[in-house]
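Colleague: After the structure tokens below, expect a handful of questions from me.
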Ligand SMILES: Nc1ncnc2c1ncn2[C@@H]1O[C@H](COP(=O)(O)OP(=O)(O)O)[C@@H](O)[C@H]1O
Ligand SMILES: O=c1ccn([C@@H]2O[C@H](COP(=O)(O)OP(=O)(O)O)[C@@H](O)[C@H]2O)c(=O)[nH]1
Ligand SMILES: [Mg+2]
């Protein structure tokens, strides 16, 4: 079934255009967006036994990943798995790895991949949902490869919140969530880690045609209006796929 639907991607792309062209008209790249979405739509709102629909949410510290994830969850019904939150929960639960994780976070360094991937895997397995926002992961090429090896699937979509450094620093210093890493010294390390280790991951997904770059400056609502058409198009594509499969059966 999935192969048959994929072979219809060019038809789906023109079909979905009429559905969502209005909302997506803000994007200059609409034509290539619909083509890519038609190719990547398999699994959106899929039943549990099907491959889940995975979105990686990437961007520098303070770029607004978590804030936008809340809006995506509210609007599109994803399950939000923040890698940072999973690690902080692990610290709070006094697990054997807690002290090591706390040190890594304090220093702005990256926790060993296997540990993070296992926590994400647990989060996915304990959810009935099939649509996941994996926020703040993968942060390194090693993270990315480890996810592919352990979970065995690739993301359908990768969002990149592209935000100027000075804006990220300002936001982090005002975050007020009592986080051990929201101080200037750790922020400086985190920005360096982002540039050296995370940007290559973003480039990798850009080359694979999976990257959607969001200009992450402006109000939260303005930024969400760049995010919304991406998922609206996937939803429309899913509906047209359902209609087609009913017609073909
Ligand atoms: N568009 C925005 N404009 C101003 N502040 C924002 C915006 N988006 C998020 N914030 C604030 O910036 C801080 C960091 O946002 P967060 O979503 O935690 O970023 P990330 O998860 O990428 O580190 C939070 O205090 C949040 O309320
Ligand atoms: O896959 C991950 C995600 C997070 N972290 C650690 O957790 C910190 C906080 O991550 P989070 O995503 O919460 O930060 P944000 O970007 O949202 O500010 C990072 O600096 C890392 O030290 C990690 O090691 N691996
Ligand atoms: Mg966050």
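Using N, Cα and C of the backbone, Cβ positions are placed for all residues, glycine too.
Just so it is clear, the model here is predicted, and its values are computed rather than measured.
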Colleague: 62, 63, 64, 65, 66, 67, 175 bind ATP in TrEMBL, but which of 209, 218 does that record place at the same site?
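Modeller: Matched candidate out of 209, 218, per TrEMBL for ATP with 62, 63, 64, 65, 66, 67, 175: 218.
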Colleague: Which of the binding-site residues 62, 64, 65, 88, 110 have a Cβ less than 6 Å from any atom of ligand 1?
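Modeller: Among the binding-site residues listed, those whose Cβ sits under 6 Å from ligand 1 are 62, 64, 65.
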Colleague: Filter the binding-site residues 66, 143, 175 down to the ones within 10 angstroms of residue 136 (ribonucleoside 5'-phosphate binding site), Cα to Cα, kept in sequence order.
Modeller: 66
Colleague: Among the binding-site residues 66, 218, which residue has the fewest other Cβ atoms within 10 Å of its own Cβ?
Modeller: 218
